[in-house]
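**Q** Reproduced below are the annotations present in Swiss-Prot:
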type: CARBOHYD; residues: ASN21; note: N-linked glycosylation site
type: CARBOHYD; residues: ASN243; note: N-linked glycosylation site
type: CARBOHYD; residues: ASN346; note: N-linked glycosylation site
type: CARBOHYD; residues: ASN467; note: N-linked glycosylation site
type: CARBOHYD; residues: ASN497; note: N-linked glycosylation site
type: REGION; residues: 350-426; note: region 'Disordered'
type: TRANSMEM; residues: 220-240; note: transmembrane segment
type: TRANSMEM; residues: 245-265; note: transmembrane segment
Amino acid sequence: MQYNGKSQQSINKINCIIEKNQSNSIINKFQVASPYDDYDDRLNFLETIEKNSGFYNVLCELFLPNGYPDSVTTDYFGYQFWDSIQALCSTITGTLATRAILKGYGVGDSSATVASATTQWLIRDGMGMIGRIVFAWRKGTDLDCNSKKWRYTADILNNIGMAFEMISPLFSSQLFLPLSCIGLIAKSICGVAGGCTKASLTQHFAKRDNLADVSAKDGSQETAVNLVGMLLSVIVSSFINDNTSLIVTWLVFLFFTSLHLFCNYRAVSAVQLKSINRYRAYLIYDYFIHNQGSIPSPSEISKLENILFSIKELDIRVGVSLCNIYKVQQKQQKLNNQFLQQKLNNITKTKNVNNNNNNNNNNNNNNNNNNNNKNNNINNINNNINNNINNNINNNINNKNNNNNNNNNNNNNNNNNNNNNNNNNKNSLEIIKKIKKSKSFIIWKKHSQRGNKILEKDFTLLIALLNGSTTRDMIESYFYAVEYFHLSSVQIPPTINISGTFFKRLEEKGWDLDRALLNSEGWTFGI
């Protein structure tokens with residue numbers, strides 16, 4: 001229970017304080033007496049709101065967390081609805097698989113022995129335990145960040161395991177044990193993946209630190225669904241007996257298996273996780289690029305997610321690899337120099353064309369003047385000749401001066417470019433040194449360092465903000481740029497800069513950012 005503030009409300013012209021529970025339902029009313037009365041008499045109990053004892057409210061109290069729907073996230077009902085249906089289908093198919101396994105053990109066969117059945121049962125259980133341990137060792141760290149994917153994969157493996165159990169009695173006794181072991185291994189992996197991801201999803205649904213309550217009510221829902229599934233399984237088993245054809249049995253199994261996969265997909269798709277893994281980060285940046293800098297919400301990204309087949313190689317690269325930062329900078333500088341050189345060549349060509357046109361026009365004008373002035377006196381001819389000579393001399397002098405100035409400018413530009421290259425290279429080396437010494441950054445795959453050599457594969461996607469204003473300014477242009485281009489392109493590659501407000505906007509949209517590696521002043525974004 002909680003008190004919904006201390007505001008007073010007027011009900012039937014009586015000042016009172018209303019007490020509400022977590023589901024925002026009124027449970028008690030207290031009359032507010034005069035402030036001049038004694039302290040003990042200021043609050044008078046007015047009435048208690050009796051709870052509705054209807055069947056619907058009883059079901060809500062039995063199977064829904066306390067305070068529903070305010071105590072859980074908005075996607076809770078959609079997930080639980082489809083998850084309950086898929087659990088029902090799984091119970092029915094599990095009954096058919098168990099029936100096939102018992103038949104393979106020799107139930108109903110007078111020649112079968114108890115010792116043989118016990119030995120086979122123990123071997124199956126042992127193989128399942130080994131498969132559970134190996135899977136937890138290999139994929140345990142991936143279950144948290146890809147909980148939706150593994151939640152759906154777990155049910156696929158469960159169906160594969162039951163399919164192997166269904167076909168195992170159809171073969172000889174020598175193949176029954178290996179096929180049934182494969183089926184149990186798949187179901188054991190489903191138990192690990194499904195159980196771990198279920199815990200992760202339950203933590204997501206628990207909105208008010210009510211993880212235990214949400215988990216307990218989820219267990220109650222699952223138990224009730226299993227009871228209903230057992231009743232339906234008894235009905236299905238009564239129609240499917242030893243005299244039923246194999247085709248009918250498999251049609252029933254495939255129908256409930258398909259329905260199980262469909263409902264499970266709808267359940268996982270309804271979940272709107274707010275944590276950011278590598279795949280969801282790719283979708284966020286892709287949405288950011290193609291929607292003019294707008295930030296997507298968790299519900300929008302949930303609609304774009306491919307649950308089962310996530311991309312393996314990302315065509316958007318955030319920043320540059322730590323090992324390739326120097327090489328990428330050199331390639332970028334070469335592209336810039338090529339672009340500037342091409343621009344200077346075009347400008348020089350246009351200037352030369354203009355100068356040639358001007359000289360041709362001057363020559364034509366001089367010829368016309370000479371033809372028109374043939375009948376003039378000798379003094380005018382001498383003056384024209386002298387003027388032409390002086391003009392040519394001056395033009396030559398000006399051209400030489402212009403050429404010298406252009407050469408000087410080109411030399412200055414080359415010197416400036418060389419100085420910039422040297423400065424950039426020094427900055428790049430300083431960045432690498434500071435990043436190697438710092439621990440305030442996170443990488444997508446793992447923290448791995450063999451000796452003093454940083455492995456390139458461990459720095460595939462990195463977003464960092466280190467301590468110190470100098471370091472921040474130095475690395476900002478490298479790690480806060482989304483580069484979606486190929487370096488072999490002749491054109492200057494486009495970039496979209498992401499400032500520090502980008503991550504604040506992510507938080508405003510409801511995304512949860514992992515800040516476990518926070519330092520005193522810097523902060524880190526990642527998974």
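Every residue, even glycine, has its Cβ placed from backbone N, Cα and C.
Context for these features, please: burial, neighbours, distances.
**A** Other C-beta atoms found within 10 angstroms of the C-beta of ASN243 (N-linked glycosylation site) number 5, with every protein chain shown included.
Within 10 Å of the C-beta atom of ASN346 (N-linked glycosylation site) sit 10 other C-beta atoms, taking all shown protein chains into account.
Sequence-distant neighbours of the transmembrane segment (220-240) (same chain, 6+ residues past either end, Cβ-Cβ under 8 Å): 62-63, 80, 84, 87-88, 90-92, 95-96, 99, 248-249, 252.
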**Q** Counting only residues 6+ away from its ends, which parts of the chain sit with a Cβ under 8 Å from the transmembrane segment (245-265)?
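**A** Answer is 82-83, 85-86, 89-90, 92-93, 96, 151-152, 155-156, 159, 162-163, 166, 170, 236, 307.
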**Q** Under a three-state reading of DSSP, tell me whether ASN346 (N-linked glycosylation site) is helix, strand or coil.
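**A** Looking at the DSSP assignment, ASN346 (N-linked glycosylation site) belongs to a helix.
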